[in-house]
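J.: Would you mind keeping the following structure in view while I ask a few things?
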């Protein structure tokens, strides 16, 4: 009699890990030899075209979704809590129909209106002792089938059990999110009923600013925001051209420089207005300033106003000897603040699902990125002294002047960038370089797989949430339109026959 999955786990000679487990490479176990005819003696599929087998007390005939199986009662002895095994204890037709959908007393055939594919896998487990998930069936639906037939899900193979547990966690998380959304909707509906005109206007403003899919105002607002971000990026790039830099160095401001300033002022005015609108509609003002995108907005907008304040200041008459150093400091501050304008590009994350996925992946993979930095730090600390010693012992031109100076070479080599500014010339140094490059490839590959899977999962999750929100909005719109039609029909019913419109009735 073959062992079940639980028995094989307890038996040291029958340990078997799924293909998904990395331990299968470290501890390969031999597959047990199959006994010819063992499966047929424990379970047998009977075709519909075959003659019905004779009813006896040693076998049970099961019909699941039109597929018939013949199982000896001895096969079910190892599973006394299963649904099929409990049929053996039934003494009346009423007890039998409580466990199955129908029963034919002449042929002693039990009928079940269940998934035949899932039952085929369960029959294979009853006969051969190996339970796996059905690829073409949802894991949660297969779990329901296991619960119906009285088979514990812990009998699944390790790889399939991990997959099922992962699906259960995802389903639980989705239910929690849906419950939170329903709670928010109930609170929003309750607040809308009791809200004043100001609250309703704030809700409309929130939908326009935060949700581009809420309607035409939201789409127009999002398009304008993206347009101004693109305009700011273009103006920033144009302002760094040699002609503009030469004018800036001379302290002159021609018409072209003036146009760039006007474009930047218009964009900053729009961004300031958008920031104020987001702040006004935010229910929690403190939580608003903690948002990462709002912090980016502040860092991107503030340099413009600070640069205006700094440029308006001038040294007093008594400080004329140090005016040159003062102007140099002011110019440095202006250049640094001007470079911060590139943060406007990060505002696109409000309207881009890909950028939102990237930010969510970085937040979820903080541990993986930390491990990557740790691996790189250890490897750089290892290879920098080696290449320094190898190159200094050769007695050639010294490019590696010190161990800290070799850190740059180690980082560039391990990330496979290879600028070529520092190149080992000796054979030992080249061997160290080869080792560092190979180590860098392996180190970068270890967390890359986990980060990629997290990115893919986060993208699908955000896309699913967006589709759910859009579907919910469509349902609300359909519900509102249906309610309006019902209201109009009720009003028409109230109008007397001699009148044609509610206005005339009034």
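From the backbone N, Cα and C atoms, a Cβ is placed for every residue, glycine too.
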J.: Would Swiss-Prot have residue 96 and residue 284 facing the same side of the membrane, if we go by the names of the topological domains it assigns?
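T.: Topology check (Swiss-Prot): residue 96 vs residue 284, same domain name.
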J.: In Swiss-Prot, one of 260-281, 480-501 is tagged transmembrane segment. Which stretch would that be?
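T.: In Swiss-Prot, the transmembrane segment feature sits at 260-281.
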J.: Please give the average pLDDT for the topological domain 'Cytoplasmic' (460-506) in this predicted model.
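T.: PLDDT averaged over the stretch: 59.
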J.: What else in the chain is close to the intramembrane segment (404-415), if you only count residues 6 or more beyond its ends and a Cβ gap under 8 Å?
T.: 376, 379-380, 383-385, 387-388, 422, 433, 436-437, 439-440, 443-444
